[in-house]
Ligand code: ATP
């Protein structure tokens, strides 16, 4: 069985407060994009879980989120057969695109199907939060409002058709560092999440892009000016707006015009500003 684990971008990202248990409460507008890792899974006779990945620097043991997800379901349902998994990554790692979370979501969906466990999507989402706050969203996909620590989800109508150019500079920013550097009392601009929800309901792409904002961006961009340079590069070539996704450092640009996006993609590759460049489009739940 072969599954697609799709990446996400945050059209809006607000951090409300730090809870006493150390988790941060967020309000985010999530959007799945057509950039994906593939997860191949099959039964094997010997018990236990085996995992291979195409990237040597991604762990292939119980530290991998795919492994964690599979183990949660297999333990709960006392699955005695073994599971063999092969992960082929294309989503940049530690990039703010939920690659690991999406792989885990694919493992939940795949193991449920392969061993005929009979869990509904909602039941999978309940278990998924044990692996990570973004994993329930990655099971659901599409356009959504995420609240709580990211696990309280409200599906939204699909955002209007558009093209997404992704550019990741050759730097790494861990989510942990991004939170450590975020001074909640000093946030100057708050994203208008409710306004964006209204713009999505109105299918107004320009208004959606005007409201794109990410509270992590100013701090991370100050440290890594290349993020701002990639944004400017995309906007000068026709992006309605470009912004950093999640805790960074990946930048995405929203284009109405497909040709402009492809031209910007080629130019960005040549510029050397970004290490990974990927031309994509949004994914809707109804596809
Ligand atoms: P998010 O957008 O949720 O913050 P991210 O893009 O910052 O995610 P990931 O690529 O999901 O980060 O993974 C970050 C770390 O998690 C990596 O450094 C890696 O060692 C570990 N990891 C565990 N499982 C995976 C996986 N399946 N794919 C990638 N990294 C994984």
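Glycine residues also receive a Cβ, built from the backbone N, Cα and C atoms like all the rest.
Given the structure is predicted, the values throughout are model-derived calculations rather than measurements.
These features come from TrEMBL:
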ACT_SITE  8  active site
DOMAIN    64-142  domain 'GHMP kinase N-terminal'
BINDING   92, 93, 94, 95, 96, 97, 98, 99, 100, 101, 102  ATP binding site
ACT_SITE  134  active site
DOMAIN    196-271  domain 'GHMP kinase C-terminal'
(message) What's the number of neighbouring CB atoms sitting within 10 A of the CB on residue 134 (active site)?
(response) 26
(request) Could you state the whole-number distance in Å separating the C-alpha atoms of residue 134 (active site) and residue 100 (ATP binding site)? (result) 10
(request) Anything from the recorded positions 8, 92, 94, 96, 98, 102 with its Cβ under 6 A from ligand 1? List those in sequence order. (result) 94, 96, 98
(request) Determine the Cβ neighbour count for residue 96 (ATP binding site): the number of other Cβ atoms within 10 Å of its Cβ. (result) 27
(request) Would you mind ranking the binding-site residues 94, 98 by how many other Cβ atoms sit within 10 Å of each Cβ and giving me the lowest? (result) 94
(message) So, three-state DSSP: helix, strand or coil for residue 100 (ATP binding site)?
(response) helix
(message) I need the CA-to-CA distance for residue 102 (ATP binding site) versus residue 8 (active site), whole Å please.
(response) 8
(message) Tell me the Cα distance separating residue 8 (active site) from residue 100 (ATP binding site), rounded to the nearest angstrom.
(response) 11
(request) Give me the mean pLDDT over the domain 'GHMP kinase C-terminal' (196-271), rounded to a whole number. (result) 97
(message) Tell me the Cα distance separating residue 8 (active site) from residue 92 (ATP binding site), rounded to the nearest angstrom.
(response) 11
